[in-house]
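Feature list (source: TrEMBL):
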SIGNAL    1-22  signal peptide
DOMAIN    57-318  domain 'MHD'
DOMAIN    80-160  domain 'Cadherin'
DOMAIN    161-269  domain 'Cadherin'
DOMAIN    270-384  domain 'Cadherin'
DOMAIN    385-489  domain 'Cadherin'
DOMAIN    489-603  domain 'Cadherin'
TRANSMEM  603-634  transmembrane segment
Amino acid sequence: MTIQQVLLLLLLWMWLPHPCHTEMFFRRTPDLRPKSFGTRALGNDGKAIHRQKRGWMWNQFFLLEEYTGSDYQYVGKLHSDQDKGDGSLKYILSGDGAGTLFIIDEKTGDIHATRRIDREEKAFYTLRAQAINRRTLRPVEPESEFVIKIHDINDNEPTFPEEIYTASVPEMSVVGTSVVQVTATDADDPSYGNSARIIYSILQGQPYFSVEPETGIIRTALPNMNRENREQYQVVIQAKDMGGQMGGLSGTTTVNITLTDVNDNPPRFPQSTIHLRIPESSPVGTSIGSVKATDADTGKNAEVEYRIIDGDGTDMFDIVTQKDTQEGIITVRKPLDYETRRLYTLKVEAENTHVDPRFYYLGPFKDTIIVKISVEDVDEPPVFSRSSYLFEVHEDIELGTIIGTVMARDPDSASSPIRFSLDRHTDLDRIFNIHSGNGSIYTSKPLDREISQWHNLSVIAAEINNPKDTTRVPVYVRILDVNDNAPQFAVFYDTFVCENARAGQLIQTISAVDKDDPLGGQKFFFSLAAVNPNFTVQDNEDNTARILTRRNGFSRHEISTYLLPVVISDNDYPIQSSTGTLTIRVCACDSRGNMQSCSAEALLLPAGLSTGALVAILLCIVILLVIVVLFAALKRQRKKEPLILSKEDIRDNIVSYNDEGGGEEDTQAFDIGTLRNPAAIEDKKLRRDIIPETLFVPRRTPSAPDNTDVRDFINQRLKEHDTDPSAPPYDSLATYAYEGNDSIAESLSSLESGTTEGDQNYDYLREWGPRFNKLAEMYGGGESDKDTS
C-alpha cells in the first residue's frame, strides 16, 4: 500500500463519526480532605511544608465537531469511588452549556452532547462536576472543574477578505517585480492537522504573472510588458487548505492588475512639413495655427514643450505650448507686411519635459517639423506718419489760420488717394476744421485759453476707393496764453473807516486775480484813478496794496459812504488794466478801532428809541392788538363785561412780555419804511375794552414826505395822539417804555420831552455810572463832534 493510499484512508477515518468513551473516576478520601504527596520542604521557620493533592483526578474530554449521528453524542463518564452502584449518589453538572448543550445522567454520570457542535463557534467548554448524597444533598466529593475540548475537522474552506483586488505595476518592470500580496484565512484549527494550512496557486494570468505558494505575493513573470500594447490584466488566485493536497478545500479571488505608464515613448510629429497662411493685416498676437506631436504615453509622461529652434522668421513669430491640448500655438510677434516679405520658414521642435533616465536608450525624446508661413496681401488702411500729433497755437489767432497738418499714405502698392476728416464727437463746438485733401487743420471759431486750454481731436483717414477702411490718429491742440484779460479784485471788500481815524491809518488790504497765465508769473500794479483827498493807495509790490486814510476824522453826518476807484494793471504785453471801486462806509468805533455802528439813522434817533427798541415796540403793539381782539370776543360771550378793569392790569400784561430787540445794529428785524409810509397802516379802530363817552370820527393826517426824518415823524404822531380825544386816557406809548418803579433815573424816554434837542442838558448822564457812558458820548459829546468836523 502506498503512502498516498494510507493518507486517504486516514482522512476518510477522520471524517467518519466515532463515539468518545471517557470515564473519569473520583477517588474517595475518608475525611473528604486532600492528602499530601510524599515530597516535603522546609519553610523559613523550619517547619515542614506539605504539598496537597486534590481528591478529584481529571483529564480533558475530547469531542469531535459536526457529529451527524441520530443519537446524542457520547462525551464521557464521571464516576466517584464513593459510588457503590445503589443509586445513593447524584451527579450534578454546571458551567458552559450544562443542561442545554451537555446533559449528565444523575445516576450513572454519563455525559452526552445534545446537538452538533462547531469548533469555529467555540473551541472548548469549561464545566464543573459534583457528586452529592441523594438523601442528605451533601457533597461527598468537592466540586471540581473540567474542560471539554472540541476536535477540529476540515469543514471550512479558505476565504479572501476581498472578492476583487485592484493593483498596479509600472510597465517595462523586470521579472519578479512585486505587484500585490493576497492573504486568505481558514477558520479551522491550525494546531490540529493540516486543515488550516493554505497553499496559493494561480489559475488565470499566466504567463504574465506568478504567485508565491506560501506568501500569496503576486509578481511579474514576463519582462518589458508594454502598457501601450496591453494595459489591463485579470489574475485569478486560488487558496487551498490541507497543504494543497487532494481533498483539501479551496477558495479563489480575482486581482485586476493595471500597467502604469512610464515615459518610454518619444513625441512624434505625424508629418515633417506643415504650411500655414495669414493675412498681412493680422495684429500682433494673432494665432496663425498649431502643430501637435503625438506621444503614446499619458499624463506628465506625454507632456511636450514646443519651441522655434531655427528659420528666417524667428523674430517675427512666437510659439506657445497649450497645456490642456498639448499643442504648439504659433502667433504673430511683429506686424507683417506683404510688400516686404511674403514667405517665412520655421523649424519647430517638440520635446518631452519629463524624461526617465532608465529609458535614455529608447531616445531621443524629441522631434522636429518644418513650418512654412505665407503672408497674404490685403487692402490695408492708410498709415499716418506719426502715432499722434501735438500742435500749439496762440489764442488770439485769426479765424481760418492753419494750426498744423497731418499726413497719411496708402501702404498698398496701388497707393490710393487719402481723404481726411475730423471726428465731430471730439469737437462738439466745431472750433476746428480740416482740409480733406491735404490734412491741414485750421480754426473755424475764436479760441479762448481761459475756457479750454487743451483740445483733443481725432482725425480720420480713409481711402477714396475704399471709404470703409479707415485709420484714426489723436491730435492734441494746446492753446497758448495771450494777455487778453484785465486783473480784477480777488474778492468783494466790505471796507469801513472809523470816525475817529487818523491820517495814514490802514483800513483795507486788497489783492487782485487775473485769468491769464503769463510765463513769468502774475505781477499787478495798484493806483488811484484820480487824486483823492480822503484816501490813498500804497502798492506793496507783492500783488497786494494797502488803502490808507489821508486825513483825521470822518463824520457820518456829512458823508456816510465814500467811493474809491482803484486802477489795477498787469505787466504783460499788451498791458491790461481795470478799475475797481471800493465802497468805504463811515462807522462809529470804540477806542480800539472796533466797529460798533455804521448806520447814519442811529445818530438821529432819541436815546431811548433805537431801531431795536422800535422793533420791540411794534411787536408789542401787534401782540396787544391780538390780546384786545381775544378779550373783545370773550366780552361778547360774557354780557359785554370789561375785560380789562384797570390801567394797572394793562401794564402788568405788557411788562410780562419780555422780548428784547436786536439793538442798534439790528437792521433786519424791522423795515423802517413802514413808519415812513403811513398809508400802509390800517385805519384806526376803536378800543373794545372800554365804552367811549363820545364817539369821534378818527382824523386822517396827511402823510409825511418821503424825506421826512424819522424823529420828526414820531414827534408828529405823538402830538396827534396827545390831542386826540378818542385816545385812551393814558399814554399807551409810554407803557411800552415802562422801566419799573425802582429806577432812580426815572424814564429815559424822550417821547414826553420837548421836541427840540437843544433844550436838554445830558451832562448828568456821566454821573450815573459806566453803564451810561454810551449815552453820554452820543448826547453829551455832540458839540465836540461838530467842532472836530
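For all residues, glycine too, the Cβ spot is worked out from N, Cα and C.
Keep in mind that TrEMBL annotations are predicted by a computer and have not been checked by a curator.
Mean per-residue pLDDT, taken over the domain 'Cadherin' (489-603), amounts to 88.
Taken residue by residue, the domain 'Cadherin' (270-384) breaks down under DSSP into 10 helix, 56 strand, 49 coil. Secondary structure by DSSP for the domain 'Cadherin' (80-160): 0 helix, 36 strand, 45 coil. Helix, strand and coil residue tallies for the domain 'Cadherin' (489-603), in that order: 3 helix, 55 strand, 57 coil [DSSP].
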